[in-house]
Amino acid sequence: MVNPVGSSKLEQNNIKSIIGSSYNRLYSQFTSDELTEVGNYKILKQIGEGSFGKVYLALHRPTHRKVCLKTSDKNDPNIVREVFYHRQFDFPYITKLYEVIVTESKVWMALEYCPGKELYDHLLSLRRISLLECGELFAQISGAVYYAHSMHCVHRDLKLENILLDKNGNAKLTDFGFTRECMTKTTLETVCGTTVYMAPELIERRTYDGFKIDIWSLGVILYTLITGYLPFDDDDEAKTKWKIVNEEPKYDAKVIPDDARDLISRLLAKNPGERPSLSQVLRHPFLQPYGSVVLDQTQKILCRQRSGGTQFKSKLERRLLKRLKQSGVDTQAIKQSILKKKCDSLSGLWLLLLAQGKKQENCKYPKRSRSVLSVKKVIESATHNDTNGISEDVLKPSLELSRAASLSKMLNKGSDFVTSMTPVSRKKSKDSAKVLNPTLSKISSQRAYSHSIAGSPRKSNNFLQKVSSFFKSKKSSNSNSNNSIHTNVSESLIASNRGAPSSGSFLKKNSGSIQKSRTDTVANPSRTESIGSLNENVAGAIVPRSANNTTLENKKTSGNEIGLKVAPELLLNEHIRIEEPRLKRFKSSISSEISQTSTGNYDSESAENSRSISFDGKVSPPPIRNRPLSEISQISNDTYISEYSTDGNNSSFKISDTIKPSYIRKGSETTSQYSASSEKMTNGYGRKFVRRDLSIVSTASSTSERSSRTDSFYDITTATPVVTTDNRRNKNNNLKESVLPRFGTQRPWTGKRTYTTSRHGKNARRSSKRGLFKITSSNTDSIIQEVSSSEEEDHNVIYSKGKGLPTPVLQTKGLIENGLNERDEEGDDEYAIHTDGEFSIKPQFSDDVIDKQNHLPSVKAVATKRSLSEGSNWSSSYLDSDNNRRRVSSLLVEDGGNPTA
């Protein structure tokens, strides 16, 4: 057992040792002569030393930028001059002064770091620089001196050691310790500089022009760069001075060309008045084309700086200021520091951040994050793997679609959903083959895909592969929002031909072109696997698998019987199975799965209808669609429980995306269809509806073009007029066009509409023009009065006798008024009467039903039905015939002519 007393003593000793080591380390740091940190800079190593002091390579901690720390004694008179003039310069070929740190005994200057070392060392390594490089470097040096002269400053210490090279090989002028302000025609007397670079007037200690001595020094530099040695050099300093004053430099014709000799001779003229100006030097033929470029650049910079307001104007500077402000930095203090050239820590931070931003902008190849690069690789690999094993003719259209996928959309920040999809892979067996059509997945209405797709998933099933695979498939299938695969094609075709209700599709007419139905799958009774993974959310119900042993001939026969042409190339071999991803919604758990996918496309950009491409590369018609089970609008299913729901899809809906059923007019062989391009629509009875069809655009639809997501009462006030129909006595009625009530659908947020309501008297005005009745209801009644209880309906409605769905009949007892018996041209078009208040109508009288004893006309009861857009229990098919009204009249006559019997 461990002694607790001994363990506690051991812990105490360890703590004491840690404290002691930390104290010793801090004490050694204070007593050490070697510096490790100065301000925000961490000293890395010493890179130079001179009479002025030492130069260190340091790292700026906030930006991780390398700088040169030049130190000097505080009592050095040249350090003040250097800082004062150096901070005025802002030129590409002059080193930048970032920050000045003043301590008790030292002055530290943070300068731009030039990793190319000094030009003197560069010349020693090459022994002689080529003429082309000499022309470029000398043009840059002359441009820097021209800039300083334009700022009325003379350098007075131009030499190879004061010219640095950056990492790109550009010249940078530095060391402004002898710089002073000098105006035109001002003579100086102070002798300064290095002897071998001094002009003759300095050697003779005469008054001199500061601009001319800099030009002499430039001549010495150019001669040295071309030949590799100084023009006037000797071991004895006195002899060197004598040569400068009395001798001419030696020109080797093999090394120095004529134009270079002309320029050097003019620069090294003994008479200062004969030396050219820097503008003339930059225009000399030897420096072309570099001289003219540098001269123009320098003049533009000077003009911009003299005009003022150059700071904080560029796009980079504004963006940098915005970021600093968002980070909580006082940007106003930074601006004041830069404008007043304080060279403090704020100035150093700004200049280093700006240099870092310019470096990123000037980068030849912009950097990309690893995520973007990996996504691009995944796309290329997925495209390559998907193309294996498929013929070129099949892949030709699909590859064109896949190439259209852009990387910017893949990383769109506006995406409000997370998708995942494993790439599709193929398996081949002896008895069956799985063929995947690259363009078969035309399902752009769903926003999320499930992880499980038939086929073996990839080994590296990471998030980026899922995102890239989803968007590649989504881009290639950017249209046909309601495309689904039906395995019971033969059943629906045969049943619809016999007149039984089935899940057959409507013929759709879009912009004048009729799209033919397509058979995508062939039922196989011997297989338990699904031919296509059905979308469980499409059309409000799950289409069951076909269990009949239907042959291909039966499918062709049943398709031809109803006038549908089935593409023969789409009737696949029964050994071929087509697989599609199973769809799943992650968006909302409140709304039913039926309402989540009924509107089709969730992306407004992909709302256009386009035909799919078959296996042989031809454009084939869209597949047979599920017939809607109710005349309740399909769009209204997208209102998640209520119109106030905010978790529904936010995409815009186009009227052309809805399934528009065709209505057959009695006695006519043609089919009247609704086109999205026409405003006026004609139904089977010849009546015209302006803008809207019966329940095609729902009154409660949250995505309707006429309705807003907020409390819009437009659809309530513009409900479709009611037409009385009946299916029971029409033997020729094609029931494949009928619409059955939908069960399990969600109720809209609006209340039930009673039989006494109307749309602001619109129906009444139309009926009044035809002389059917007089209008006594007020058009200014509140819209909300349409909502009434079911108890009021029971008082105003009686039910006709007969089989099938009950037909509501207006109770018109005591409401008889004098009126005319007017009919339409066909003699049997009657209209339901809607009022906002009590019944005050002029009913229609029948000539053949009259009480001769009392000479009172018998009321011909008018059967009505409610608007079909609200999911009413009284909803029935719009395509019902007119015989319902006759049946109601006959039933009333049999009961003795009393409409309330």
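Quick reminder: no glycine exception, Cβ is built from N, Cα and C everywhere.
Copied over from Swiss-Prot:
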type     : residues                                         : note
BINDING  : I47, G48, E49, G50, S51, F52, G53, K54, V55, K70 : ATP binding site
ACT_SITE : D157                                             : active site, proton acceptor
MOD_RES  : S456                                             : phosphoserine
REGION   : 500-530                                          : region 'Disordered'
MOD_RES  : S533                                             : phosphoserine
REGION   : 588-629                                          : region 'Disordered'
COMPBIAS : 588-599                                          : compositional bias 'Low complexity'
COMPBIAS : 600-613                                          : compositional bias 'Polar residues'
REGION   : 745-770                                          : region 'Disordered'
COMPBIAS : 759-770                                          : compositional bias 'Basic residues'
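In this structure the residues listed as binding ATP are I47, G48, E49, G50, S51, F52, G53, K54, V55, K70; their two most distant Cα atoms lie 14 Å apart. Here the C-alpha separation of E49 (ATP binding site) and D157 (active site, proton acceptor) works out to 17 Å. A distance of 18 Å separates the Cα atom of D157 (active site, proton acceptor) from that of V55 (ATP binding site). In this view, I47 (ATP binding site) is surrounded by 15 other Cβ atoms within 10 Å of its Cβ, with every protein chain counted. The Cβ of V55 (ATP binding site) has Q46, I47, G48, E49, C68, L69, K70, T71 as same-chain neighbours under 8 Å, each 6 or more residues away in sequence. Annotation for G53 (ATP binding site): spatial neighbours K70, T71, S72, D73, D76, criterion Cβ-Cβ under 8 Å with sequence separation of six or more. Fewest Cβ neighbours within 10 Å among the recorded positions E49, D157: that distinction goes to E49. Remark: S51 (ATP binding site) has no non-local neighbours by Cβ distance under 8 Å and separation of at least 6 in sequence.
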